[in-house]
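What Swiss-Prot says about this one:
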- HIS12, 18-21, 104-107, 148-151, TYR156, ASP194, ARG201: FAD binding site (BINDING)
- PHE127, ASP128, ILE129: substrate binding site (BINDING)
- HIS174, HIS178, CYS223: Zn(2+) binding site (BINDING)
- SER197: phosphoserine (MOD_RES)
Amino acid sequence: MAGKKVLIVYAHQEPKSFNGSLKKVAVEELSKQGCTVTVSDLYSMNFEPRATRNDITGAPSNPDVFSYGIETHEAYKKKALTSDIFEEQRKVQEADLVIFQFPLYWFSVPAILKGWMDRVLCRGFAFDIPGFYDSGFLKGKLALLSLTTGGTAEMYTKDGVSGDFRYFLWPLQHGTLHFCGFKVLAPQISFGLDVSSEEERKVMLASWAQRLKSIWKEEPIHCTPPWYFQE
């Protein structure tokens, strides 16, 4: 949709990977719609994933005992976070939609993407207490997880060996994105890359491109325990 801004937070080491292809499809399709698309390619940026004292410029508010959450909150208010954090926060603030593109690692995100979430979505910028979930500071924005798995779709069902995929998405979609106020769209999961044929991969890419054509018309999922755990 013309005028919309999209941030793609991309976490894969190899540009020629299937994740790279999914990212490329998203950039091309959304650009065709007139969207402004920005990509944070975390590996090529050498993005620092560690949450440390070095994220704060100047003296800490408590020089005796360091608390990352407290210190980054204070630093955000004083504009004393490092430039790489502020730059990513600027991208998020400007975006109408944030797409996270990554391979599933141990039922979660790669460490570099976890570090992005830890450092960028700090208190004061993304949330406060009170000021979370539906009152989170990123309310009004959309977020979407686009991920790939080695295992097949059958493995990630309620009766499958890995359990329903909704279970492992709970911490990411509800505990992180919804907590910060995002409206969360249904995930785009490309299953079974370890066993998929070239033709099957082409179908996955085409399906992603087709979905993106109407992405702005989608309704967000219900970020509640019943949706995730089928209560």
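Placement of Cβ uses the backbone N, Cα and C atoms for every residue, glycine included.
Structure coloured by features recorded in Swiss-Prot.
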residue: SER21; record: FAD binding site; contacts (Cβ under 8 Å, 6+ apart): ARG201, LEU205
residue: TYR105; record: FAD binding site; contacts (Cβ under 8 Å, 6+ apart): ALA111
residue: PHE127; record: substrate binding site; contacts (Cβ under 8 Å, 6+ apart): LEU121, GLY136, PHE137, LEU138, PHE179, CYS180, GLY181
residue: ILE129; record: substrate binding site; contacts (Cβ under 8 Å, 6+ apart): ARG123
residue: THR149; record: FAD binding site; contacts (Cβ under 8 Å, 6+ apart): PRO103, LEU104, TYR156, ILE189, SER190, PHE191, GLY192, LEU193
residue: GLY151; record: FAD binding site; contacts (Cβ under 8 Å, 6+ apart): SER162, PHE191, GLY192, ASP194
residue: HIS174; record: Zn(2+) binding site; contacts (Cβ under 8 Å, 6+ apart): VAL184, CYS223, TYR228
residue: HIS178; record: Zn(2+) binding site; contacts (Cβ under 8 Å, 6+ apart): TYR133, GLY136, VAL184, CYS223
### Task
Going by DSSP, give the three-state secondary structure for TYR105 (FAD binding site).
strand
### Message
Please report the three-state DSSP label of GLY151 (FAD binding site).
### Response
coil
### Query
Cβ within 8 Å of the substrate site's Cβ centroid: which residues qualify beyond PHE127, ASP128, ILE129?
ARG123, GLY124, PRO130, GLY131, PHE132, GLY136, PHE137
### Query
Which one, from the recorded positions HIS12, ASN19, ASP128, SER197, has the smallest tally of other C-beta atoms lying within 10 Å of its C-beta?
SER197
### Query
Which of the binding-site residues HIS12, PHE107, ASP128 has its Cα closest in space to the Cα of the residue listed as 'phosphoserine'?
HIS12
### Task
Would you mind pulling the DSSP three-state label for SER21 (FAD binding site)?
helix
### Integer Å distance between the CA atoms belonging to ASP128 (substrate binding site) and ASN19 (FAD binding site)
33
### Summary
The rounded CA-CA distance in Å from HIS12 (FAD binding site) to ASP128 (substrate binding site) is 31
### Summary
Across PHE107, ASP194, listed as binding-site residues, the smallest other-CB tally within 10 A is for ASP194
### Query
Roughly how many angstrom lie between the C-alpha atoms of PHE107 (FAD binding site) and ASP128 (substrate binding site)?
27
